[in-house]
């Protein structure tokens, strides 16, 4: 049983209501510059610099000597990219030992890239300093063995610019950018937003209308596809949209695990950005590398359906805990799947074969009291 540490950041057990529990701290707001506008910045006593830059002439903070600099083609060729889970200690901080083990498992299982701090990795529950630290840690420890793609997208163009600058500065190979969510913008606004971040480095655009509330129209993607740093699109709309793009030579990764086999082999997708590969990286590699395999796809569909029975990453967090590879700690607002679903997962593992899953421990059904839910961290 995982017990919460009696500190200022207490873990909260499932079923126990904390009176007046506080929400997670807000994400650190990032801006292009904390200083006054550059146009009014004085250099020397009483003199304006001849090289003063106005806000209309903003220069991206980039370097040709960035660690692990990779080509856009080096990103376009990736077939299996795992949207990796972020594990936690009982007080809600990152469990880096468990995280390192997860990344090593992905490398050994044949994944070619990882998304750090994406939806699956709960980047939306991180402060920006946590987010960039985890990207940097992944690059420093594993960047020579796997492509590190940092989720530095935001619904604020300002934050997306600053986070991408920092992500590339610490060595990430590419950025993942979602379209601005909640405060949705126009078609012209979408192009303007991506126009600001594409100069930073290789970029994958992520279209997931079920989460953002806005579908990125094909006209926008087609316009952006001419940009040198545009690597491709993680597309969640479906096969018809995938084929629309691949017919035009645009690189596409399926964002839907249950569609990725057909997207890859029937509709021209390059590969998948996967949640399921956190659990069975070797089988997902086979699905993406070894040609059409309807039998394997059919075998994995019950697992994929189970994983998304509640919004991602609830299922994945529950599964990895029951496999014994991460602590059963959830940052709120996430909570584990029901006991019925936890029991069903054990049956799915037995049907596919425990040897195909990550970790070495026997899969087991965790009790409600085994889980720790964190509100303050």
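Using the three backbone atoms N, Cα and C, a Cβ is placed for every residue, glycine included.
Note that the structure is a prediction, hence the values are computed from the model and not measured.
Listed in Swiss-Prot for this protein:
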- 1-51: transit peptide (TRANSIT)
- 119: site 'Part of a proton relay during catalysis' (SITE)
- 120, 273: pyruvate binding site (BINDING)
- 182: site 'Part of a proton relay during catalysis' (SITE)
- 206: active site, proton donor/acceptor (ACT_SITE)
- 234: active site, schiff-base intermediate with substrate (ACT_SITE)
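With respect to their backbone Cα atoms, residue 182 (site 'Part of a proton relay during catalysis') and residue 273 (pyruvate binding site) stand 23 Å from each other.
Taking the C-alpha positions, the distance from residue 234 (active site, schiff-base intermediate with substrate) to residue 206 (active site, proton donor/acceptor) comes to 5 Å. For the recorded positions given as 182, 206, the lowest number of other CB atoms within 10 Å of the residue's CB is seen at 182. In the three-state DSSP reading, residue 120 (pyruvate binding site) counts as coil. If you measure from the Cα atom of residue 206 (active site, proton donor/acceptor) to that of residue 119 (site 'Part of a proton relay during catalysis'), you get 11 Å.
With respect to their backbone Cα atoms, residue 273 (pyruvate binding site) and residue 119 (site 'Part of a proton relay during catalysis') stand 11 Å from each other. Residue 182 (site 'Part of a proton relay during catalysis') falls within neither a helix nor a strand when secondary structure is assigned with DSSP, and so counts as coil. Secondary structure at residue 273 (pyruvate binding site), as computed by DSSP, is strand. Contacts of residue 120 (pyruvate binding site) defined by a Cβ separation under 8 A and a same-chain sequence distance of 6+ are given as 83, 84, 85, 275, 278, 312, 313, 316, in order along the sequence. Ranking the recorded positions 119, 234, 273 by how many other Cβ atoms lie within 10 angstroms of each Cβ puts 119 at the bottom.
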